[in-house]
């Protein structure tokens, strides 16, 4: 049976990572792939939606001359419009990526790549998010085409996808992170989220009128515990596969109830 796949990202519709993933998946599977992605770079936007401005959908041509839909909004907007306006149905899968830069640890809540995947799961689709580690900072937020070769990563994502395709989906979102030097022979490790991916840093600068302005930055954390996504990708150089859920309820709900319910 032909699968219906909605392909999105947060790096913009002309990203090489999105195109590589589209081409590799279309070669392997019997699938209708619809690309709906932001017109512009949307990294760090999380699961934000546009409430105070109208959205536009523009048909466009990707680098391989196939058709895509550019949305003047966030990755989550792309999923919403993809489901309700472009496809007019919930696809079998929402796949988000390939992101330029890893999405690890609890900071995934800031990721537009993960935001789109969670929105897909919220609509009832099976969802995957996939990201490639990038150690060259100036490439991480590049808009449009990039000199990075995404084909190895696309094949790795395809191989991981194949493991789940015939099974009941085990979670809401599968988060795949690929080390920058990975090949199809790189080990795949099932992981949990690390506490932190970056140590936050704020850089203050002064503008020509002597007023302060700020850049938010961070330093990569390497010393997370074994078994986490950060340790798998950055220390062991393994592909990380992390099952995620939309339900943010604390794991210790019963303990919380027992301790606090009588206080209300």
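Note that Cβ sites are derived from N, Cα and C of the backbone, with glycine treated the same way.
These features come from Swiss-Prot:
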- 10, 11, 43, 99: divalent metal cation binding site (BINDING)
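Feature map: Swiss-Prot annotations on the structure.
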residue: 10; record: divalent metal cation binding site; DSSP class: coil
residue: 43; record: divalent metal cation binding site; DSSP class: coil
residue: 99; record: divalent metal cation binding site; DSSP class: strand
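Neighbour counts of Cβ atoms within 10 Å were compared for the binding-site residues 43, 99, and the top value is held by 99.
Summary of the divalent metal cation site environment: with the site residues 10, 11, 43, 99 set aside, the chain residues having Cβ atoms within 8 Å of the Cβ mean position are 9, 12, 15, 41, 42, 75, 100, 101, 111, 112, 113. The number of other Cβ atoms within 10 Å of the Cβ belonging to residue 11 (divalent metal cation binding site), over all protein chains shown, comes to 29. The local packing around residue 10 (divalent metal cation binding site), expressed as other Cβ atoms within 10 Å of its Cβ over all shown chains, amounts to 31.
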